[in-house]
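The disulfide bond annotation in Swiss-Prot covers CYS7-CYS86, CYS40-CYS45, CYS92-CYS288, CYS171-CYS199 and is backed by sequence analysis. What Swiss-Prot records for ARG34 is site 'Transition state stabilizer', and it gives sequence analysis as the kind of evidence. Taken from Swiss-Prot, the feature Ca(2+) 1 binding site covers ASP39, VAL42, GLY44, ASP46, SER48, and the record attributes it to sequence analysis. Positions annotated as N-linked glycosylation site by Swiss-Prot, on the basis of sequence analysis: ASN68, ASN139, ASN179. Annotation comment: Swiss-Prot describes THR165, ASP210, THR213, ASP218 as Ca(2+) 2 binding site, evidence class sequence analysis.
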Amino acid sequence: TFYDESCPDVSNIVRRVVQQALVSDERAGARLIRLHFHDCFVNGCDGSVLLEDQPGVVSELAAPGNANITGFNIVNNIKAAVEKACPGVVSCADILAIASVGSVNLAGGPCWEVQLGRRDSRRANLQGAIDGLPSPFENVTQLKRKFDRVDLDSTDLVALSGAHTFGKSRCQFFDRRLNVSNPDSTLNPRYAQQLRQACSSGRDTFVNLDPTTPNKFDKNYYTNLQSNTGPLTSDQVLHSTPGEDTVKIVNLFAASQNQFFESFGQSMINMGNIQPLTGNQGEIRSNCRRLN
């Protein structure tokens with residue numbers, strides 16, 4: 001791979017730090033893969049999501065889709081460990097890609113061969129983040145449009161949404177579905193009652209995205225959608241929208257974890273290949289949050 005000569009141990013270094021983070025934070029893996037996803041969907045996988053406001057940069061973190069995004073401290077720890085071994089060599093964009101494999105695999109999911117050699121951008125794109133990031137309130141047509149913009153298809157949409165087999169969501173992103181006088185017909189009534197109870201302590205309360213095996217990377221995300229127990233609209237619509245090709249794909253992954261794992265790895269590679277900066281474009285940031 002790209003770092004064979006310059007930083008041969010990079011994957012192990014990253015994996016070790018992710019493993020350490022998981023000891024005290026069960027959501028560490030979900031945080032990291034979400035950063036990679038939100039990075040790739042805006043100007044390609046260029047580390048732009050990590051930049052904070054600074055001279056010449058208006059951060060993407062002000063976009064609604066990035067409002068609750070976390071995990072920067074873990075990225076900083078990974079970057080520090082990698083810099084110690086190979087200073088000035090590995091980009092922050094590549095760190096997110098490598099960390100995503102470790103995050104999934106350490107939770108019981110698949111491995112895939114990450115292509116490396118991305119460079120870090122010297123700019124952010126706030127408007128791109130506002131327009132391009134999928135929202136938890138969207139229907140299949142809206143979601144497909146956003147995936148299509150970055151050349152990802154329906155299989156990619158359904159496979160990558162499967163990353164919601166771990167991690168959590170705040171109640172504010174689905175509580176409009178819990179209205180007692182106007183119940184959402186695609187939400188299991190018993191499960192809706194559990195969610196109402198969980199969310200009674202406030203809209204900022206966190207709830208597991210996968211109520212069955214919340215920290216395990218498995219196919220239960222899809223079987224949950226079959227039983228109408230996906231808390232987010234943007235997940236449930238993949239199975240509950242009649243006539244959409246996404247329904248068949250959900251059923252396929254629900255029936256075969258091997259099929260899901262294989263497709264997930266391929267879709268992660270596809271996503272990781274969105275418009276990377278290479279060669280002498282961009283830079284290798286020494287601090288992932290700041291331009292050099």
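All residue numbers here begin at 1 and follow the chain in the order shown.
Cβ from N, Cα, C; glycine included.
The separation of ASP46 (Ca(2+) 1 binding site) from ARG34 (site 'Transition state stabilizer'), Cα to Cα, is 14 Å. Taking a C-beta cut-off of under 8 Å and a sequence gap of six or more, ASN139 (N-linked glycosylation site) has these contacts in its own chain: THR233, VAL237, THR241. CYS199 (disulfide bond) is surrounded by 20 other CB atoms, counting those within 10 A of its CB over all protein chains shown.
Geometry remark: CYS199 (disulfide bond) versus CYS288 (disulfide bond), CA distance 35 Å. Take the disulfide-bonded residues CYS40, CYS288: by the count of other Cβ atoms within 10 Å of each Cβ, the lowest one is CYS288.
Here the candidates are the binding-site residues THR165, ASP210, ASP218. The one whose C-alpha lies nearest to that of CYS45 (disulfide bond) is THR165. The Cβ of CYS86 (disulfide bond) has TYR3, SER6, CYS7, VAL10 as same-chain neighbours under 8 Å, each 6 or more residues away in sequence. In sequence order, GLY47, LEU50, VAL75, LYS79, ASP120, ARG285, CYS288 constitute the residues six or more apart from CYS92 (disulfide bond) in its chain with CB-CB distances below 8 Å.
Those same-chain residues not listed among THR165, ASP210, THR213, ASP218 yet with C-beta within 8 angstroms of the centroid of the Ca(2+) 2 site C-beta atoms are PHE166, THR212, PRO214, ASN215, LYS216, PHE217, LYS219, ASN220, TYR221.
Within 10 Å of its Cβ, the residue among the recorded positions SER48, ASN68, THR165 with the fewest other Cβ atoms is ASN68.
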